[in-house]
Amino acid sequence: MASISLSSSTVPSLNSKESSGVSAFASRSISAVKFQFPVRRVRTGDLKFPSLSSTTRCTPRRIEAKKQTFDSFEDLLVNSDKPVLVDYYATWCGPCQFMVPILNEVSETLKDKIQVVKIDTEKYPSIANKYKIEALPTFILFKDGEPCDRFEGALTAKQLIQRIEDSLKVKP
């Protein structure tokens with residue numbers, strides 16, 4: 001059994017006649033309160049947790065991205081020779097981070113058919129507001145500069161590819 005001791009100086013209500021309605025004598029005679037409760041141990045059995053040395057640590061694979069500059073987002077959409085899949089994300093969004101390797105796979109699989117662009121909604125709130133981005137991640141597929149499909153939430157690579165192909169009526 002474990003116990004916790006609280007002195008009357010730790011718990012202000014034990015010193016205060018107004019808060020407890022206890023007389024001054026009773027309040028002075030209460031010097032400590034003990035709470036007892038069972039403490040359970042967590043058994044790990046034969047589980048072993050190896051320590052990681054600097055040689056065994058995993059480092060994330062670097063993905064090369066083409067950083068392009070355009071006068072405006074609309075220029076990018078209108079001047080693209082392929083449909084553009086725009087991923088609206090935020091760095092603090094867990095599902096958005098989950099989608100990073102999936103988008104890389106989709107981009108590689110459909111590289112001849114679409115261009116993938118990521119827009120950080122924290123850095124570009126005007127673009128997010130224009131397209132009424134209220135959930136993250138949100139994907140909008142643009143064809144000829146106009147939105148042709150929109151979907152929200154995390155998807156598998158297979159689901160995302162199928163959705164894009166259905167929207168564009170293209171097959172790999």
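Placed from the backbone N, Cα and C atoms, the Cβ positions cover glycine too.
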Cysteine of CYS58, CYS96 paired with CYS93 via disulfide, per Swiss-Prot: CYS96
C-beta crowding around CYS93 (disulfide bond), within 10 angstroms: 17
In angstrom units, rounded to an integer, how far apart are the Cα atoms of PRO95 (site 'Contributes to redox potential value') and ASP87 (site 'Deprotonates C-terminal active site Cys')? 12
Listed recorded positions CYS93, GLY94, CYS96, filtered to Cα within 10 Å of ASP87 (site 'Deprotonates C-terminal active site Cys'): CYS96
